[in-house]
2 protein chains.
Amino acid sequence: MSSPMKTGPPETGEASKNESSKHGSNLNRGISILDLILRVIATIGTLGSSVAMGTSNQTLPFSFQSFQFRAEYNDLPMFTFFVIANSIVCGYLVLSLPLSIFHIIRSSAKISRIIFVIFDTVMLCLLACGASVAASIVYLAHKGNANANWLPICQQFSNFCQRISGSLIGSFFSVIILILIITSSAVSLSQI
Amino acid sequence: MSSPMKTGPPETGEASKNESSKHGSNLNRGISILDLILRVIATIGTLGSSVAMGTSNQTLPFSFQSFQFRAEYNDLPMFTFFVIANSIVCGYLVLSLPLSIFHIIRSSAKISRIIFVIFDTVMLCLLACGASVAASIVYLAHKGNANANWLPICQQFSNFCQRISGSLIGSFFSVIILILIITSSAVSLSQI
């Protein structure tokens, strides 16, 4: 009679602990699946932005002495940076997909999750920088600035401007997705 | 004789577990102290940037018909955004200090650490956006852009340009500090 009494409490404790660990593991698996989906969406977003900006150009139907008649994304170094930043983040996200799938299978992986958080944060930074640098130039192209004597160029290159404005959407959208990815990584790290 | 044999292994297991938990707790305390120091540094960085940009202005010693003779940070909306973003992040960092001190005392706090990661990430984004938006305009002010017919303004306003260029340093420095803070939060979350 004394043997069950003695071993009882530890067993119950262990069982409840196992259950809690199982619950955490299930939650982590769910978060890992969400993480994979978010990564795929962010990949599409950055790829779309990069391609939209990279292929944007407009040639005006008339030429003029010393007048600029063709606008391309690499006329401005900020747009080149935008394309490069988006491409790097897109490449990183594609490379991170296998590790994300690995996290679904092994939900208790800790080190790789920490590495993910570090790289995700750096990539978030890069993407946010690229998107906002391009956004500031898009703003200038639309509105110009009277104080600095910078005239808007969108009156001449309206199609080009529409294209570069649109390409920002995917990039800022991916920034939000990356914030969600980092948050979900933090939650799953706390469950291990 | 059988009693010590029976109770031996669980006790050793518990002791080693307690030790490991104690080790994790000590590590977390160390990370929390580091977190507090980094937050203080980032606060100073963002405050410095904000003040340096906010107080930057230059009046040229001559005036001219329809010529811009005074440069201020709020001539360009991107610099205004820079000051606002830095101020918001600075305010957030000051407000986060008490919670950071609380983490040193209670190193096992989980929910508050997750909340920290979320807010830190959002603030990192805001700061990176503000810094890079201002950086792109500083670049334009220095170099201009021949394709868009935007002329550099730093030839006239050299002091103003030096000031706004310098104010970027604190902001980008704080971005790096915030990346370190998020990383340390992730490590300490994995130790709980």
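Glycine residues also receive a Cβ, built from the backbone N, Cα and C atoms like all the rest.
Sequence annotations record features per position, and here TrEMBL assigns region 'Disordered' to B:1-25. According to TrEMBL, the feature domain 'Casparian strip membrane protein' maps to B:29-176. Sequence annotations record features per position, and here TrEMBL assigns transmembrane segment to B:36-56, B:76-102, B:114-141, B:168-189.
The DSSP breakdown of the domain 'Casparian strip membrane protein' (B:29-176), given as helix, strand and coil counts, is 110 helix, 8 strand, 30 coil. Beyond its flanks by at least six residues, the transmembrane segment (B:114-141) meets 46, 49, 53, 76, 78-79, 81-82, 84-86, 88-89, 92-93, 96, 99, 150, 152-154, 157, 161, 164-165, 167-168, 171-172, 174-175, 178-179, 181-182, 185-186, 189 of its own chain at Cβ-Cβ distances under 8 Å. Listed by sequence, the residues of this chain that lie at least six past the ends of the transmembrane segment (B:76-102) yet keep a Cβ under 8 A from its Cβ atoms are 32, 35-36, 39-40, 42-43, 46-47, 49-50, 53-54, 109, 112, 116, 119, 123, 126-127, 129-131, 133-134, 136-137, 164, 167, 171, 174.
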